[in-house]
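Trainee: Copying in the features that TrEMBL gives for the protein in this structure:
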- A:1-23: signal peptide (SIGNAL)
- A:22-116: domain 'Cytochrome oxidase subunit II transmembrane region profile' (DOMAIN)
- A:47-67: transmembrane segment (TRANSMEM)
- A:88-110: transmembrane segment (TRANSMEM)
- A:117-254: domain 'Cytochrome oxidase subunit II copper A binding' (DOMAIN)
- A:274-354: domain 'Cytochrome c' (DOMAIN)
Amino acid sequence: MRVHAKRAGALLGGLLFPAWSMADWTLNMAPGVTGTSNEIFSLHMTILWICVVIGIVVFGVMFWSIFAHRKSQGHKPANFHENTVVEILWTIIPFVILVIMAIPATATLVDMYDTAESDVDIKVTGYQWRWKYDYLDEEFGYFSNLATSKDEIYNRLDKSENYLLDVDNPLVIPVGKKVRLLVTANDVIHSWWVPAFGVKKDAIPGFINETWTRVDEPGIYRGQCTELCGKDHGFMPVVVKAVPEAEYNEWVAEQQAAAERERELTEKDWTLEELMERGEQTYATTCAACHQADGSGAPPAFPALKGSQVVLEDMDAHLDIVVNGVSGTAMQAFGGQLSEVDLAAVITYERNAWGNNTGEMVTPKEVFEYKNQE
Amino acid sequence: MSAVADTHAQDHHHHGPAKGFSRWLLTTNHKDIGTMYLIFSFAMFLLGGTMAMVIRAELFQPGLQIVEPEFFNQMTTMHGLIMVFGAVMPAFVGLANWMLPLMIGAPDMALPRMNNWSFWLLPCAFLILVSTLFMSGGAPNFGWTFYAPLSTTYGPPSTTFFIFAVHIMGISSIMGAINVIATILNLRAPGMTLMKMPLFVWTWLITAFLLIAVMPVLAGVVTMMLMDINFGTSFFDASGGGDPVLFQHVFWFFGHPEVYIMILPAFGAVSHIIPAFSRKPLFGYASMVYAVGAIALLSFVVWAHHMFTVGIPIAGQLFFMYATMLIAVPTGVKVFNWVATMFRGALSFEAPMLFAVAFVILFTIGGFSGLMLAIAPADFQYHDTYFVVAHFHYVLVPGAIFGIFASAYFWLPKWTGHMYDETLAKTHFWLSFIGMNLAFFPMHFLGLAGMPRRIPDYALQFADFNMVSSIGAFMFGATQLLFLLIVVKCVKGGEKAAAKPWDGAEGLEWTLPSPPPYHSFTTPPEVK
Ligand code: HEM
Ligand SMILES: [Cu+2]
Ligand SMILES: [Cu+2]
């Protein structure tokens, strides 16, 4: 009873204050920061005004009839029911307006489809429910996960400014360069959208879609997945950080070095504690969405790992499921998504967390060998 | 032999409807079947509406409060499916059953036994569909558009039941459509040429052809899903060489004509109601017929406007953009004709007229946002945001649903023999009108500000309009119970209705008493 009362109180309090103080009453599309988004914005405004004008004329005539031609005012009905000239006119005039609209729309579209001569190529892959960015020429890549905590989502903590629009690792791009995005997906269809760029492209398994953008102002730009992709569709934001070219180059060099360090980590001798620590993090970002933080899953869709036979017994079966996935289910092949270190860590973690105290561990080297056995 | 048949026929005429439950289970009477369709559709409207209330309650403020994301997705999916296939389509079939024979001077529908069958399939289909909510893994959760592979490889176990339900609905719709076509083409009163048919008859004739053309396509696409899920094929599974985009092409080849199936009969009904309460003949009858024909034909070549972001080649993109924009021309003609009908009439505003006028205004707003969505580059920003949700609710709620309410009030006196309570009906209208606009207009702003559709939780900048929208939705939802009250009151009693309760109304249905005899026109009337 008391809990309910508290919840009701929190609901009522939360209802009026935090949400409203953050919110704004935005009415219209924003022009955005790229040439494309500006062109789209002006198309949007043109068609909007055309609709408003047509609306005023049509509804004007209608409201005039409603006020002036009422039976209660004693208005006597006329008896006309056709007029060829008028009917032809109101067929042709809208047609002409449409042609006028179609011209700039076509030009913008042609421009949006021109992905040639790019400076940077990035592959964007949609996963349930996060994005992966691979820098094709620079040979590194990483996942980008939602960074909003469950406590905020379930109203146990105040919501931060970028609630649901924050990620751990944003996509970083250089300003003033043509960035070509190759968009695809690993499981179901997703859609990658940054409103400020005017870029939205579906990420479809088995297809590689191309799109591009050129951002002139440095800044952080936020968007979301816009194609229903399952349970956490509302929880896979897109965040892009546009930085000056020098800063971008520095960042790329850092990433390449980090990737190199990561490869070295595979060689290192890991202890159970180290693996558990790392595994907990990997588990939270990669697996908890389905199997839950406490390993209880959400049966029957997502099995519990706590007390699971696969996890408690045969190590090879456990490796197989995590590395190769279970085809035809939401359990993906993580072999290609996670590094050997992360795979070893997460498997070790699963075998020792939540009372699964097997005491067993698997090292990155063993995972590497497993992946390359064939 | 012939003597036996004769006495049987005599029996039938004198005894009227059978008594008890078998009257409804076994009936072949177009009015009884029409009534059942209408009751069924209203029940589904309330069920789908309840789900909409769950959705709006969760979206009342940011954060997850009431339902988990899995269940939220089931709610949006079931809401969409139930509203489209359970509320709107059966309501129009119910109106067709009641009104087509009365309007064309026929004794009944042409294929009465099939009529019974096509109705009774529907409760079966929906029983299966709704039962998926209680299955392990839950109900379909992939949106009413059920895009593969989310609905195949990644779908819940209940998907197979969903497919079965869609098949049954499809069979029901196709049989209903065949019946409509057979009735209209064969049972018209002498003298009623095609170009003298009332517009509701015309729009239903065209709708029926659309149904026959696209329901098999829907059946095809769900069968491909069934094979992928249960028999190891890979139509839509990229890892087996299949093509997820193929799904969307096939689905929308059905889906776009489907949206016209949900609006054309309403066009027809409104074309009766506006002249009746303007006391002036419909402006541009012939152009109305041609416009509906043009819309129906164009509706087959615009499907990919739902797919501007999937990456179709630019030539395809341009073709579908131009074709879609073209639909605005015949649609505009219809709106201009309605306004010209009102112009210099002698207008009065009883409930059917209020709903019809709101239909014209609000449907036109939905048409405007539709035109904006047709502009492919702009659609990259609008697609799959709340702008789209606003758009299709403006064409479906004040379009299809208000068209149905307008028809119900217009013909209730004919159906029941009593006048409905005008004050309550006007209250129903105004509360619906305000609630509906409060619920759906802010969704335009939300979409333009960047809120995606089908999300259970949202960023903070969307908070205020979502709250407004939810309040409007609760208001609209609650108001619909008033409609139930009005109809029950009207069926039970009330002021006796004359054969023609509306002084400006035209058509054969008004030449019969209110309520009409159990068998409509036993001798065909003459149309001059
Ligand atoms: C009672 C008033 C209604 C309310 C408050 C309402 C509310 C909503 C909302 C909020 C959504 C968006 C869900 C989301 O994207 O997360 C939605 C989706 C939808 N609604 Fe309604 N709706 C109402 C009536 C109707 C009617 C009458 C129809 C059809 C004739 C309809 C058809 C649909 C469809 C097809 C969808 C899309 C479902 C999907 O995304 O798969 N709605 N509705
Ligand atoms: Cu998504
Ligand atoms: Cu369409």
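Yeah, the Cβs are placed from backbone N, Cα and C, and that goes for glycine too.
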Trainee: Can you tell me which parts of the same chain pack against the transmembrane segment (A:88-110), counting only residues 6+ beyond its ends and a CB-CB cutoff under 8 A?
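Mentor: Answer is 36, 39-40, 42-43, 46-47, 50, 54.
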Trainee: Who are the chain neighbours of the transmembrane segment (A:47-67) in space, where the CB to CB distance is under 8 Å and they lie at least 6 residues beyond its ends?
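Mentor: Here the qualifying positions are 94, 97, 101.
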Trainee: When secondary structure is assigned with DSSP, how many helix, strand and coil residues does the domain 'Cytochrome c' (A:274-354) contain?
Mentor: 45 helix, 2 strand, 34 coil
Trainee: In the domain 'Cytochrome oxidase subunit II transmembrane region profile' (A:22-116), how many residues does DSSP assign to helix, to strand and to coil?
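Mentor: Helix/strand/coil tally for the domain 'Cytochrome oxidase subunit II transmembrane region profile' (A:22-116): 67 helix, 1 strand, 27 coil.
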Trainee: In the predicted model, what is the mean pLDDT computed over the domain 'Cytochrome oxidase subunit II copper A binding' (A:117-254)?
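Mentor: Average per-residue pLDDT within the domain 'Cytochrome oxidase subunit II copper A binding' (A:117-254): 94.
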Trainee: Kindly report the helix/strand/coil residue split of the domain 'Cytochrome oxidase subunit II copper A binding' (A:117-254) according to DSSP, in that order.
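Mentor: Per-class counts: 20 helix, 62 strand, 56 coil.
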